[in-house]
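Per TrEMBL, these features apply:
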BINDING   234, 299, 308, 315  [4Fe-4S] cluster binding site
DOMAIN    225-308  domain 'DNA primase large subunit C-terminal'
């Protein structure tokens, strides 16, 4: 198991490496292997922050990181929370998307070992090499594959695309988003798992810890209007950064902002209009979040991930960004 497997534990080569190592999941769990704790963090981060990146700079070794993935799949199957599997898969895909782009665009070779990751490598991984063709700095995707992987949203409708003899022309960034969907499907495949008692029982306390982290204060679930002037300071700050188009929000900031806007009933097109900048990552994330199914993180989580910005007096009385927004609207 190497660093490449650790970055992409859903790749077939990583699965084979785990199999060849003869790892026994039951033994790992019973002995409290570090992969169990990392698996908990993986699921918890996915469900509250939209990423599976570690929260601290202290990294685990490659073996622990690889083994945390199958354990995370077990844990998310046991967590009692609406949409947990879907949100987990989307977060794994979002993290992979950032890593893909980093390697594709910058040609990263250090610390990974072996050949650098390329678009062609990932296309082969997902059996897409025969249905995606490179053309200058664009790509042509077989129309059936395009329709199968394209996200929701007006920008992805076939009528807005160049279609020639069964091939759809897409930009490089579009292709990255299609690969995101391929990752999400692979991660979600087979979930939730049927977990035997010999595994579920010792994981009970770990599952409870994840579920406790998901428990948030009561907050409104629906709103009749969008008024950016009444957004909490954290969301106003994230929105301003998104509008500047100069600073990456990061996975947690992007998830927090988009899940907040999604909870107000905004889709990808509405988010793009509000931001005023054609940020494909924001639009794509908005289209993946289903109208409040994935609420934004609580204030405590926002603070933990450094996304709580310039709290005001009202912040001292609330526990959730949506609660702040509801109070602000009512006080008008």
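The backbone N, Cα and C atoms fix where each Cβ goes, glycine too.
Automatic, uncurated: that is what TrEMBL annotation is.
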Query raised in the report: Near residue 315 ([4Fe-4S] cluster binding site), which residues of its chain come within a Cβ-Cβ distance under 8 Å, counting only those 6 or more away in sequence?
Result: 232, 233, 299, 324
Query - Residue distribution over DSSP helix, strand and coil in the domain 'DNA primase large subunit C-terminal' (225-308) - result: 52 helix, 0 strand, 32 coil
**Report entry** For the binding-site residues 234, 299, 308, the one whose C-beta sees the most other C-beta atoms within 10 angstroms
**Finding:** 234
Report summary line: Same-chain, non-site residues whose Cβ lies within 8 A of the 234, 299, 308, 315 Cβ center for [4Fe-4S] cluster are 232, 233, 302, 303, 307, 309, 311, 321, 324
